[in-house]
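Straight from Swiss-Prot, the features:
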type	residues	note
BINDING	17, 38, 43, 69, 83, 84, 105, 122, 123, 124, 147	NAD(+) binding site
BINDING	86, 92, 124, 125, 126, 127, 152, 153, 154, 155, 232	substrate binding site
BINDING	157, 172	beta-D-fructose 1,6-bisphosphate binding site
ACT_SITE	179	active site, proton acceptor
MOD_RES	223	phosphotyrosine
């Protein structure tokens, strides 16, 4: 597997998510050069100025510039946050069709530059669009990664931490499957400060109802945030920064992302949310969790939901 070099990142799409990612990236000092591409040139110019002025106070020497696709040639990563939002009355398939076409155009321009790094995709529906980027790019599957369930898992860990009054970093639990309505929590392998959640359930049958409510709040959080402020941005921006750090610092850590399956969970030829070990080469390996029969049934439903959409386009 090829290992990328340097710490230059090209960000495509400077909407709420893209700018939140850029802000997190600068504050964590991960990129030497962040080149940003967006169709709204005037707004992009303002964001680049604003971000550069903040670099003074960050533990960072990141240089932020208005980018072009030529910047992709020597980039270690291209991060895609661009895409169309769903309009009133527009079906999900219509939205997917529109965004698949956008991905085809973006990826074509990126690959024409001679890019040979790692794609990180955040545009929704992320699992389908990550598959599209992989197909259009012609790169090895391990070098095309989607944000997947990184945000869903973070939300779940945060809410479990609130329930048990422990830091989210002491909660180890994953949301897997589609980044969307068919995702599922893996309660069977979850731990709170080292204590198995399954063991807690055995001792307290009423806990099951509270956990189901936490999962529903996790799954539906985006709807509430969008209703309140128009979009989600900070959580996913920080999640993308976490994946970026795992890649650029060659960390070999397991992160919940959208990855191509090759027989894991009995599935293949589909990008879907699952833990994967990530390093400078992209995805080193997909982690297949040991899940219960009920969890497997829900995962299969999630995979089939994605496949039904995917086959309309590929």
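Cβ coordinates are placed from backbone N, Cα and C, and glycine is handled just like the others.
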Around the Cβ of residue 179 (active site, proton acceptor), other Cβ atoms within 10 Å, all chains included, total 30
From 43, 105, 123, 152, 232 (binding-site residues), the ones whose CA sits within 10 A of residue 223 (phosphotyrosine) are 232
Of 86, 105, 124, 147, 232, which of the binding-site residues has the most Cβ neighbours inside 10 Å?
147
Whole-number Å distance separating the Cα atoms of residue 86 (substrate binding site) and residue 43 (NAD(+) binding site) is 22
Could you round the CA separation between residue 43 (NAD(+) binding site) and residue 152 (substrate binding site) to a whole angstrom and send it over?
30
What DSSP gives for residue 83 (NAD(+) binding site), in three states, is coil
Please name which of the binding-site residues listed here, 17, 124, 154, 172, 232, is nearest in space to residue 179 (active site, proton acceptor), Cα against Cα.
124
Chain-internal residues, separated by at least six, CB under 8 A from residue 157 (beta-D-fructose 1,6-bisphosphate binding site):
168, 171, 172, 173
If you compare CA-to-CA distances from residue 123 (NAD(+) binding site) to each of the binding-site residues 152, 154, 232, which comes out shortest?
232
Taking only the binding-site residues 124, 152, 154, 232, which one has a CA atom nearest to the CA atom of residue 83 (NAD(+) binding site)?
124
Diameter of the substrate binding set by C-alpha atoms, the set being 86, 92, 124, 125, 126, 127, 152, 153, 154, 155, 232, in angstrom
25
